[in-house]
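Only one structure is covered here, and it is reproduced in the block below.
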Amino acid sequence: MHCPFCSATDTKVIDSRLVADGHQVRRRRECAECHERFTTFEGAELVMPRVVKQDGSRQPFDEEKLRGGMLRAVEKRPVSMDQIEQALTKIKSTLRATGEREVKSEMIGNLMMDQLVNLDKVAYIRFASVYRAFEDVSEFGDAIAKLQK
């Protein structure tokens, strides 16, 4: 680690603590040359996989698109923002845990439905009707029947 004061490369760690719910490490360092102290924060760089669309095109994972889809599904439903954020975090964690560089958009849609079915059944049906492109009322009935099992 370079000293921000004198650019020396010889620094030592004086103190280390976990911060941000254990997702970061705060370190107090001291420069061996000028003896100035400074703080650094370290965190894991978690890279989301790229999304392979149904047409074969690839694009970066877009958390806002995921959030927007969930917000549309739960609109005017008794689901809190905390519940939504927890569901989104679970989806992102599952995607990272695959260890893959690319995931199919279908997998993301299925993960979204898995979370919605636990949050709110109506929101699940709303999302499924768009995601699965329901053509008529019987498809809604089939989806509702599966929920009631």
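Yeah, the Cβs are placed from backbone N, Cα and C, and that goes for glycine too.
For the ranges 3-34, 99-130, the feature annotated in Swiss-Prot as zinc finger maps to 3-34. Per-residue confidence over the domain 'ATP-cone' (49-139) averages 91 (mean pLDDT, predicted model). Helix, strand and coil counts under DSSP for the zinc finger (3-34) come to 0 helix, 17 strand, 15 coil.
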